[in-house]
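Novice: Got a structure here, written out as structure tokens. Questions coming.
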Ligand code: GDP
């Protein structure tokens, strides 16, 4: 798939702004820009060096459209690897449209979504997972999701996968060579070394597969269920968390009227707080449905905040949650501590292990709670070796590659013939290659890049 045409698109968001950037890429990018652009100092932009900026006018049918800055990047030293021109014009939607149209009538084609990055990939400027990270980077809305995207864009785990894949490829060729000498019973591939390599590959794959759960959670927000009877202070606590951070709040209406989600960013980590209806015993059918839903939310939550009133103490629900979800991390929180005496506090502390005291109203203990929440994420691996898979396509390819590697391992233990082993190795190579883009299909590329915005 080699592109010969020159594409154009807005690189900045649609609408009015101080400045807008129009991007052109392709063999003829600089020649086409030359036709539409009149530099202030009469110079020929085709003869200018790469990575230079030029002031001048965009001229359409003899009329000045705008005063602009034109940046020139000559291939292969550009984002796409092709000749690239970026025009910084004034941000009026009218000017933007006029310039776009001018370039289209001068020989450019409107770019498809993600086509600039697709070209960068096809020209070897980045591998596939790096290209995908560009989309994640643009979409990142918190410190944590940004860090994951940046790390991946700079190579991330794809370098590691690439290296292991090359080693495996080496063995594959040795084993396939054995097939040519099948009469002679020779082994070119050292089975001990091969077995070691397979173990190394599976370890890496397993680690990456495990990181997906955390990665996904970071990308979409860590779900936290708040459970507590009416009036214990759940809304007050949410408000306290919101005020503390002055975060952007999105009220995502739950699928039902009894669950509401608030997204709050604490220390750059997104949390999704899910306010639930309690789980008190009931015969009422409607309430019973609400309770089932609460259980469902608890099931899906990474952490449960169990909130109770320090004056009207009722811990029956806490007991029930612990029984039903023995593996779940539940933080017991006693609210309205401002109303408690020292003795009452002391007594409660002895009754409930790891109890957190809070006054949502007086904002006492809120900062400590926040710290507890963020440390939970960090200890969960965020500050580990930092390799986190967030992309479900990578995840699926990793899982499939691991399956194939395990098949090879089992086959080797059973002493299967080289020809059968070679087939499984080829499969594993294929799935590993899918991640970095060493093997691609048009369908796969179409799928990935169509999710990009136009102009990227
Ligand atoms: P929810 O039904 O669990 O969401 O409870 P609310 O947040 O609506 O709070 C119920 C009542 O308890 C309100 O009148 C709050 O002002 C009060 N309240 C909440 N937190 C505290 C607290 O820490 N101390 C005191 N004294 N009152 C509180």
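Using N, Cα and C of the backbone, Cβ positions are placed for all residues, glycine too.
Bear in mind that the values here come from a model prediction, so they are computed numbers and not experimental data.
These came from TrEMBL, pasted as-is:
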| type | residues | note |
| --- | --- | --- |
| BINDING | 23, 86, 125, 456 | (6S)-5-formyl-5,6,7,8-tetrahydrofolate binding site |
| BINDING | 231-236, 250-256, 275-278 | GTP binding site |
| BINDING | 231, 250, 252, 255 | K(+) binding site |
| BINDING | 235, 256 | Mg(2+) binding site |
| DOMAIN | 221-378 | domain 'TrmE-type G' |
Novice: Among the binding-site residues listed here (23, 125, 456), which has the Cα closest to the Cα of residue 234 (GTP binding site)?
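Specialist: If we rank 23, 125, 456 by Cα distance to residue 234 (GTP binding site), first place goes to 456.
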Novice: Please give the average pLDDT for the domain 'TrmE-type G' (221-378) in this predicted model.
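Specialist: The answer is 80, the mean pLDDT of the model over that range.
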Novice: Could you check which of the binding-site residues 23, 125, 456 is the closest Cα neighbour of residue 231 (GTP binding site)?
Specialist: 456
Novice: Fewest other CB within 10 angstroms, which one of the binding-site residues 231, 235?
Specialist: 231
Novice: I need the nearest neighbour of residue 235 (Mg(2+) binding site) among the binding-site residues 23, 86, 125, 456, using C-alpha distances.
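Specialist: Spatially nearest to residue 235 (Mg(2+) binding site) by Cα position is 456.
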Novice: Would you mind sorting out which binding-site residues among 23, 125, 231, 234, 235, 456 put a C-beta under 6 angstroms from ligand 1?
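Specialist: Result: 231, 234, 235.
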Novice: Largest pairwise Cα distance, Å, within the listed (6S)-5-formyl-5,6,7,8-tetrahydrofolate binders 23, 86, 125, 456?
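Specialist: Between the outermost Cα atoms of 23, 86, 125, 456, the distance is 18 Å.
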Novice: Could you check what DSSP calls residue 86 ((6S)-5-formyl-5,6,7,8-tetrahydrofolate binding site) once collapsed to helix, strand or coil?
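Specialist: DSSP call for residue 86 ((6S)-5-formyl-5,6,7,8-tetrahydrofolate binding site): strand.
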Novice: Starting from the Cβ of residue 234 (GTP binding site), draw a 10 Å sphere and report how many other Cβ atoms land inside it.
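Specialist: Other Cβ atoms within 10 Å of residue 234 (GTP binding site): 22.
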